[in-house]
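Here is what TrEMBL says about this protein:
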type	residues	note
BINDING	H112, H114, E119, H158	Mn(2+) binding site
BINDING	H114, E119	oxalate binding site
DISULFID	C33-C50	disulfide bond
DOMAIN	64-190	domain 'Cupin type-1'
SIGNAL	1-24	signal peptide
Amino acid sequence: MSSFFSCCIVFLSVICFCTKICFADSDNLQDTCPTSPSAKQTIFINGFPCKNPNDNIAPDFKTSKLTKAGNTDNFFGSSVNIVTAAELAGLNTLGLSIARTDLRVDGLVALHSHPRASELFFVSKGTVLAGFIDTQNRAFQKILKEGDVFVFPRGLLHFSLNAGNDFATAFSVFNSQNPGVVGISGAMFKNDLDMIYKITKGFLSDHFKNVTFPGSSSLNRQQFRNLNPII
């Protein structure tokens, strides 16, 4: 019985350890590890090389990139500025990154996800409607006032909308030094036509080798593509 109990403890410990690895960046092995400046990166690792600890200075851990509002003069009326370890050297190996979101009246940050991080969304100014959609297509959304915080779980589609009558600003913290962004609008409306062609040609090649229209000569696939660039 005691042996069985010991095996259970070991099993649970392994599960907890693996879960920690899966849901956050790896722990750093020293106090700090500011990114080493490099004119040209020749070695690619899961993160950035560290400076010599003796060369660390206070500015490595400070940024002013989030002090000013972003440009919201666009279709969605929003701006998101993410600062990762690539911009703030002191973030390297800490498993953190930060962002500023600015929303003009009726501004929207369209549905998107962060595949490598959960997000804490803190409203510092204005009124914001924030929400996410889980894997069962259930929507969770709340009106946030100044000082409110909302959580966007890792990998789930989420959005934010200015629900007030004035400019709105929010700050976010991610539990990854490189959270990544996958946007639905970008995937739908900014497709590379060459990529679409490569994806579809396997299905359409046989049909468009020789396309003949009434009263016209035969067209080959390239000519047809020139007439129909979306294919």
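Cβ coordinates are placed from backbone N, Cα and C, and glycine is handled just like the others.
Everything TrEMBL records as a feature, shown here on the structure.
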| residue | record | Cβ contacts under 8 Å, 6 or more apart |
| --- | --- | --- |
| C33 | disulfide bond | C50, K51, N92, T93, L94 |
| H114 | Mn(2+) binding site | F152, R154, G155, F174, S176, P179, G180, V181, V182 |
| E119 | Mn(2+) binding site | V151, F152, H158, S172, V173, F174, P179 |
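Apart from H112, H114, E119, H158, the residues listed for Mn(2+), the same chain places the Cβ atoms of S113, F132, F152, L156, L157, P179, V181 within 8 Å of the centroid of those Cβ atoms.
Candidate binding-site residues: H112, H158. Fewest other C-beta atoms within 10 angstroms, H112. Mean pLDDT across the domain 'Cupin type-1' (64-190) comes to 93 in this model.
Broken down by DSSP into helix, strand and coil, the domain 'Cupin type-1' (64-190) contains 9 helix, 57 strand, 61 coil.
Packing around C50 (disulfide bond) is summarised by its Cβ count: 19 other Cβ atoms lie within 10 angstroms of its Cβ, all protein chains included.
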